[in-house]
Structure formats: structure tokens, C-alpha cells
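Only one structure is covered here, and it is reproduced in the block below.
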Amino acid sequence: MKFRTKIALGISGIVIAMAIIFAVTLGEMASRAVLSEGRKRGRTVAENLAMRAAEPLIADDLLRLKNLVDELKKVSPDIVYAFIMDESGNVLAHTFQNGFPVELTEANPISDDNFSLVIVDTSAGYIYDFAAPVRLAGSNLGTVRLGLSREQLLEPVSRLNVAVLAISSVSLLIALIAGLAFAHRVTRRINLLKKHAESVVMGNLDVQSAPLPTRHCWECMNCNLTTCPAYGDPLRRCWYMAGHLDDNVPDSCVESCRDCVIYRQNAGDEIQNLAEAFDVMSVTLNTHIKELREAEANLRRQQELLRTIMTVTPDFIALFDNNLRYMSANKAFTDFVHMPEEEIIGKTDEDLFAPENARRRAIEARAALETDQVRKAEISDTSNGGERWFHVVWTPVRDSEGRTVGLLRTSRDMTEVREYQEQLLHSQKMESLGKLAGGVAHEINTPLGVILGYAQLLQDDVDHDSQIYKDLRTIEKQAKVCRQIVSDLLGFSRRAESTKREMCLNNSVMEVVTLVSHTFYLDHVEIITDMDDRMPIIFGDPEKLKQVWINLLNNARDAMHETGGAIIVKTRLYTPLQKVTIWVADTGPGIPPDAMPKIFDPFFSTKAVGEGTGLGLSVSFGIIEDHDGSIEATSPLPNSFFESLTPQTQQKLPPPNDRGPGTVFVVDLPLDHEESIDTPVSSSICKQEQQELDTEPADTPAA
């Protein structure tokens with residue numbers, strides 16, 4: 001219901017209530033007065049009639065009695081009936097036209113010859129029945145009965161009530177019109193405030209609800225205090241700004257403004273005060289909102305910066321509550337545990353990590369919470385298949401009061417650092433071992449040559465069937481084995497010079513394959529080649545690279561010397577990456593997982609004692625590293641390797657049931673320059689090497 005309607009209804013209700021109260025009170029008072037006056041008049045008329053009827057009653061003049069009652073009824077219209085009875089109760093005269101109601105005689109009996117008044121309920125309404133005795137000289141001659149209509153007596157009261165109702169209706173109409181006019185005036189100003197409030201809700205704080213002051217404070221007071229918030233701003237009232245300029249101004253300064261000439265000239269009623277307060281509120285809100293927006297924009301920039309840092313940082317960052325339940329986590333951590341942040345929140349480390357790992361993390365986290373100090377530890381994790389090491393820091397999080405409310409954990413992946421440390425340590429060991437091996441090999445190479453030479457000379461001086469000859473042959477054989485070991489040691493120590501030149505990789509590989517294929521065939525090992533037709537050119541030492549191919553092929557053959565199998569040799573040129581890759585794979589039993597990290601270590605071998613020195617792969621690793629390349633091994637063979645072979649090569653492979661897990665060595669060598677790609681220059685180099693290869697003797701001994 002609108003406020004205007006409420007005001008109109010309120011005024012109308014007040015007028016109606018007052019009219020009802022006034023009408024009821026006035027009607028009640030008028031009714032009592034009229035009825036009292038009617039009862040007095042009725043008694044007077046009845047007693048007067050009794051006095052006049054005394055003489056006719058003595059004379060028994062019935063006609064005169066009849067005339068008395070008829071005249072009385074004609075004179076007063078409010079008299080319903082009148083009749084006279086003798087002392088015996090016989091009706092002598094009456095005014096009834098349709099016969100006298102006999103029951104009326106007993107309606108108001110007189111006792112002790114006194115006056116009597118009763119109210120009789122008839123079909124015509126309530127009637128005041130007056131009974132007056134007729135006496136003469138103290139003797140009771142009879143009774144006079146007179147009936148006055150109560151409704152007739154109250155008729156003036158009814159007319160008065162109608163007049164009161166009419167006056168009240170006119171008053172109500174006047175009050176309603178005045179109330180609507182007043183309500184319109186009030187609600188118009190309130191609606192203006194409402195409209196401005198809606199504008200504020202919509203975000204428009206530059207509104208003005210109150211009228212502008214007729215004179216501004218700085219004009220009246222000739223004020224030059226430009227630092228005052230109200231100076232020069234007509235929307236700000238100085239009496240609302242009092243105390244804002246100086247914090248030491250007492251609180252009573254606003255009350256003192258009520259005696260100020262500025263306040264008296266511009267102050268209005270309560271609605272204007274409300275409008276002025278509303279304007280001040282809008283200005284204040286506008287100022288605060290601008291400050292909040294600036295703070296929000298600054299906070300948003302900081303949050304965006306923090307979010308970007310949290311997203312791109314490789315460290316694993318997580319926030320915990322005091323119960324060690326996750327409250328937040330960055331992208332690196334969610335990717336590590338393969339779970340979105342929404343699912344991580346509320347969980348504990350026991351839900352995400354292995355029991356032992358989670359227990360270690362929980363111990364360190366609780367220690368950080370209990371001691372309220374930063375904790376650091378290095379923890380290994382094997383949840384993603386491989387072992388990874390993390391440098392973990394637990395930092396207590398405090399609120400504004402200094403209470404610990406949570407824990408921030410940052411984890412940095414130190415796996416590569418540890419690997420680099422291990423590689424550095426390994427390189428230092430290899431360097432020391434290489435120096436030692438080179439020195440030992442150099443020192444024993446000369447006496448070993450003397451032993452081998454004299455053993456060969458002595459064989460010519462003894463009988464070939466003698467035991468001495470057999471012993472000399474054994475000495476020669478073992479001396480050659482030692483010479484090979486010395487040669488490997490010298491190669492491992494990199495004491496031999498490298499002669500690098502442009503060479504055709506395919507020809508280098510195929511030369512070795514052709515050299516050993518027959519020998520391998522006798523051991524039931526078949527070599528299958530899948531060469532890149534673009535004949536890539538590299539810059540390297542042909543002889544040393546041949547040594548690498550021989551070592552890889554021999555290791556593959558030795559892995560299948562009991563069961564036989566196939567060796568797959570594949571080359572591919574990757575022009576965008578400026579490299580060429582060689583795969584040497586076998587279908588043997590593969591390499592145990594625990595031996596994989598050590599296969600390139602010197603003197604490490606999976607072969608039986610006496611079947612290898614353990615230097616072949618180490619020497620090959622050194623040669624490839626000297627060519628700025630890389631070599632690595634994978635076991636078992638991935639299915640993608642077989643899928644990458646050409647269909648012709650796949651047809652030559654043994655059936656899957658005849659193949660073991662297998663091992664593949666992958667060698668990457670860089671291309672030295674643009675001519676390394678298939679060009680006329682590279683083609684001529686490969687063709688020249690191919691011709692030289694074709695002219696070599698067919699019985700070249702296998703390595």
C-alpha cells in the first residue's frame with residue numbers, strides 16, 4: 001500500500017472514528033434527554049387527564065369521557081392510545097378503532113393508588129404505558145391509561161443522528177481532500193528520495209536530493225579555508241562536515257552549528273534534513289567506493305600477479321590448515337598428483353601419497369606447526385613410476401594477531417640437480433679412472449710387446465709338436481688378449497688422436513654390417529638394415545665410429561649367442577633438428593632394470609667372467625661424446641620402434657613369439673653444416689666411399 005494511501009486512510013479513519021464517537025455519544029445523550037422529557041410529559045398528561053376525568057366519572061358521563069381521550073390523542077401524535085377505567089377495571093372510554101385489546105388492562109396494574117409507568121412491547125414497537133389514578137376527595141374513582149410511542153419520542157434523535165452523519169461525511173470529504181494534498185506533498189519529496197536511492201542502487205552516486213543552499217558558507221563567512229571538505233562543493237553541507245577537518249574538534253561542534261546563521265538560513269524540515277543526509281551519504285559513499293575500487297584494482301593486479309607466479313612456477317606449492325588438510329594448491333602440484341584442485345581441497349597427504357611418504361611429510365608438517373618454525377627436508381617420491389627427489393620447506397602461516405592458522409609447503413624438484421651432481425661425480429670418477437687406465441696401459445704396453453715378440457720368435461726354435469710350443473702359443477694368445485685390453489684402456493682414456501672429416505654415415509654403418517654379417521650368421525644372428533635413402537653426411541672419425549658400431553653389434557650378438565635372433569640397424573635423418581639417429585636393436589632377453597643405469601660404467605659387464613672386459617660401451621660412450629653426440633639404451637624394446645620400420649623391413653623380422661624383450665641403443669650425432677643434408681656434395685662423398693668399399697678385399701677379417 002502506498003504511503004499516500006496510508007495517510008489518506010489514516011486521516012479518514014481518524015475522522016470516521018471521531019464521527020462515530022461523536023454520533024454515538026451525542027445520540028446517547030439526546031436519547032436519554034428526549035426519553036426523560038417524554039416520560040415527564042407523559043406523566044403530566046396522564047395526571048392532567050385523570051383530574052379532568054373525575055367529574056364525568058361521578059356523573060357517569062361516558063360521552064364526555066370519550067371526548068376527553070379523543071381530543072388528547074388528536075393533540076399529541078406521539079400518543080398511541082388512551083383509555084379510562086372505573087374502579088372495577090371496566091373500560092369506559094378508549095381511542096382504539098378496531099376494538100379494545102383486553103390484555104392491555106392487566107399490562108400496568110396500579111398498587112396502592114400510586115402512579116405507574118411500564119414499557120409494553122407491542123406489534124407497533126415499544127410503548128411507554130402511563131397509569132394514573134382518578135381521585136376525588138380522597139376516593140379512588142378509576143384509572144387513566146396513556147400510551148406514548150418510544151419511536152415517536154426518539155424521532156428527533158434520529159433526525160439529529162442524520163444531521164451528525166451528514167456533517168461527518170462532509171468533514172470526512174474535506175479531511176480526505178486535505179489529507180491527499182498533504183500526502184501528495186510529503187510523498188512527492190519521499191518519492192524524489194526514493195528515485196535518488198534507486199539511482200544510487202544502480203551505481204549513480206552523483207545525485208542531489210536536497211535543494212541547493214540559498215547562500216554558501218564560504219560566501220557568508222568570507223571563508224578561504226580551501227582544505228575544508230565543504231569549501232566550493234555545494235553538495236556538502238558544512239554542518240555535516242564539522243569535525244572532519246580537525247580530529248581534535250569536540251563532538252558538540254555539530255550542536256553548535258544549529259545556532260549558526262548558515263544553518264538557520266539553509267536548514268529545512270525533517271525531510272530536507274533526510275535529503276541532505278542522503279546527499280552527504282552519497283558523496284561519502286562515492287569517495288569510499290572510488291578508494292575501494294582503486295584498492296580492489298590494486299589487489300586484483302596483485303592477485304593476478306600472484307596467480308601467474310603460482311601457475312608458472314615449477315615448484316609445488318600447497319596451503320594447509322591446522323589439521324593438515326589441503327586448502328589450496330598450484331597448477332604444478334595438481335599436475336603432479338593428476339587431480340584438479342577442487343578434488344584436492346579437504347584431503348590430506350595420506351589420500352595423495354604412499355603411506356611411508358605421507359608419514360614423513362606429516363611428521364615434518366606437525367613439527368613445523370608445533371615449533372612454529374620453518375622446517376626443511378629432502379624427500380624421495382616414487383608415486384609416478386620413477387624416483388624423484390624434492391627439497392620441501394614447511395612455513396607456518398600466521399594471521400594478523402600472530403596466531404598460526406595454517407602451513408605453506410613448497411616442494412622443489414631436485415631430481416635433475418641430483419642427477420647432475422651424480423653425473424658430475426661420475427665424470428670426475430671417469431676422468432680419474434681414465435687417467436689411471438691410460439697411465440697403466442702406457443706402462444705395460446712396452447713390456448707386453450716384448451713378451452709377445454719373444455713368444456713369437458721362440459716358436460720358430462722349438463718343435464711344433466712339443467709341449468713348449470703349445471705353452472708358447474698360449475703365451476702368445478694371452479698376450480694378444482692383454483694387448484686388446486691395453487688398446488681398450490687407451491681408447492677409454494682418449495689418449496689416441498681423432499681424425500675427423502666429412503663421412504657418409506650409411507657407408508660407415510654398412511661397412512661394419514658387411515664385415516660381421518657372415519660371422520653373425522654362423523651364430524644364427526641375422527642383421528636387418530633399414531637405412532635412410534637420403535645418405536646423411538656427418539663430420540667425424542670413421543675408424544672410431546666403426547669401433548662404436550662393432551661394439552654395439554657385438555653386444556647385440558652376445559645377448560643372443562644361445563638362442564639366436566635378429567639385429568635391426570636403422571638410420572634416420574632429421575633435417576629440422578640438424579641431427580642423424582642410429583638405432584641398433586636386438587631381439588634378445590633384454591637388460592635387467594637394475595643394470596640399466598650402469599651399462600656405460602667402465603669395467604661393468606653383464607657377460608660371464610672371461611667373456612668381456614666391460615670397456616666396450618664405455619669406450620663407445622666416450623667416442624660418441626667426443627663427437628658431440630649422445631647414446632642411450634632402452635629395454636625392453638617399445639612397440640613404436642617396430643611400427644616405425646618400413647613395411648619391407650617388418651616382413652624380415654622374426655615372428656613376435658620368437659622375439660625376446662630386446663634392447664635398443666640409440667645414437668644421436670649432429671650434422672656439422674648445411675652440406676650434411678642430401679646435396680650433390682654429400683652424394684659425391686657417399687658415392688666415393690661406396691666405391692672404395694667395393695674395391696676392398698672380401699676376406700677382410702672381422703673384429
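Each residue, glycine too, has its Cβ placed from N, Cα and C.
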Worksheet item: When TrEMBL marks a stretch as coiled coil, which of 285-312, 341-368, 453-480, 481-508 is it?
Response: 285-312
Fill in: Long-range environment of the transmembrane segment (162-183) - Cβ separation under 8 angstroms, sequence gap at least 6
3-8, 10-12, 14-16, 19, 22-23, 26-27
Response to the item:
In the same chain, residues at least 6 away from the ends of the transmembrane segment (7-26) whose Cβ sits under 8 Å of its Cβ atoms read 160-161, 164-165, 168, 171-172, 175-176, 178-180, 182-183, 186-187
Worksheet item: On the 0 to 100 scale, where does the mean pLDDT of the domain 'PAC' (373-426) fall?
Response: 82
